[in-house]
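I grabbed these lines from TrEMBL:
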BINDING   Leu28, Gln29, Gly30, Arg43, Thr86  substrate binding site
DOMAIN    34-225  domain 'Radical SAM core'
BINDING   Cys47, Cys51, Cys54  [4Fe-4S] cluster binding site
BINDING   Tyr53, Cys54, Asp55, Gly88  S-adenosyl-L-methionine binding site
BINDING   Ser56  Mg(2+) binding site
Amino acid sequence: MPAARPHIEPRRVPTADSVVVKEIYLSLQGESSHAGLLCAFIRLTGCHLRCTYCDSEFAFHGGNRRKNADIVTEILALNTPAVEVTGGEPLLQPGVYPLMESLLDAGLKVLLETSGAIDVRLVPPAVHKIVDMKTPSSGECDRNDYRNLVSMNANDELKLVIGSREDYEWSRALITEHKLGSKPYSVLCSTIFDKLHPRELAEWIIEDRLPVRFQLQMHKYLWDPNARGV
Ligand SMILES: C[S@@+](CC[C@H](N)C(=O)[O-])C[C@H]1O[C@@H](n2cnc3c(N)ncnc32)[C@H](O)[C@@H]1O
Ligand SMILES: Nc1nc2[nH]cc(C(=O)O)c2c(=O)[nH]1
Ligand code: SF4
Ligand SMILES: [Mg+2]
């Protein structure tokens, strides 16, 4: 009989009490099922991926190390019910896990925007995780951690950012193979801004009756698409 495979526990939740922050601002949430709601953004510095289309390269470097407690105070002063932690790649910093706990303890709705390249099981369950599984034209699709498709829950959303017909067909195959239409979380499909016309994607979705929610990056239509802090 083959030896039983070892049961591996996720790493212990780290307890660092600070993170490196690129920017904090108040805006309207531009994406996800929370689109249109008042939302504060905490953008953390650093990313281990280099998506071809990244609109947040300015967050790869710089920023300031801040105590989690001071960040929570700053967010509460913005008087908003919701906060999104994004980046860069927020899950690269150990201090982000206790930061999300503190934001939840302060009574905030907490959203997390993360690439699909990191196992999300250590994220506090009450956080609304928006997990972006990278499509081929990102150039980072081989970094996806497909365990996330199993561990995500009803609070969460899987995001597919599509820039070509190839990306669309890749996404459609992912949805079929992993039966994503019957998961507890919903699947969001949007376009790479200025690469694929949103109407093309909308028409493909309709033609295939794809079980997804189409979305736009609303903030890029409200403000200059290159504007920072919106
Ligand atoms: C800047 S990333 C930060 C969080 C994390 N690194 C990630 O990729 O999910 C936030 C989201 O913006 C999306 N994004 C970045 N550049 C974009 C673009 N040019 N058009 C559409 N979406 C873009 C990413 O795909 C990701 O879903
Ligand atoms: N308004 C607004 N909504 C957003 N939703 C996700 C964003 C991100 O950069 O992760 C984002 C952003 O940068 N601005
Ligand atoms: S993972 Fe997110 S922050 Fe990193 S390069 Fe890709 S889109 Fe940009
Ligand atoms: Mg953005």
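Quick reminder: no glycine exception, Cβ is built from N, Cα and C everywhere.
Automatic prediction, not curation, is the source of TrEMBL annotations.
Context for these features, please: burial, neighbours, distances.
Cβ neighbours of Leu28 (substrate binding site) (same chain, under 8 Å, six or more residues apart in sequence): Ala35, Gly36, Leu37, Leu38, Cys39, Met218, His219, Leu222.
The Cβ of Cys47 ([4Fe-4S] cluster binding site) lies under 8 Å from the Cβ of Cys54, Ser56, Ala59, Phe60, Gly87, Gly88, Glu89, Leu92, Ser115, each of which sits 6+ residues away along the same chain.
Counting Cβ atoms from all protein chains shown, Tyr53 (S-adenosyl-L-methionine binding site) has 14 others lying within 10 Å of its own Cβ.
All protein chains included, Ser56 (Mg(2+) binding site) registers 17 other Cβ atoms within 10 Å of its own Cβ.
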Under 6 Å from ligand 3 by Cβ, which binding-site residues from Leu28, Gly30, Tyr53, Asp55, Gly88?
Gly88
Does anything in the same chain, at least 6 positions from Gln29 (substrate binding site), have a Cβ under 8 Å from its Cβ, and if so what?
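Residues satisfying the criterion: Ala35, Gly36, Leu37, Leu38, Cys39, Ala82, Glu84, Leu111.
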With the Cβ atom as the reference point and anything under 6 Å counting, tell me which of the binding-site residues (Arg43, Tyr53, Cys54, Asp55, Thr86) are near ligand 1.
Tyr53, Cys54, Asp55, Thr86
Counting only other Cβ atoms and using a 10 Å cut-off, which of the binding-site residues Gly30, Cys51, Asp55 scores lowest?
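Taking Gly30, Cys51, Asp55 as the binding-site residues, the minimal 10 Å Cβ count falls on Asp55.
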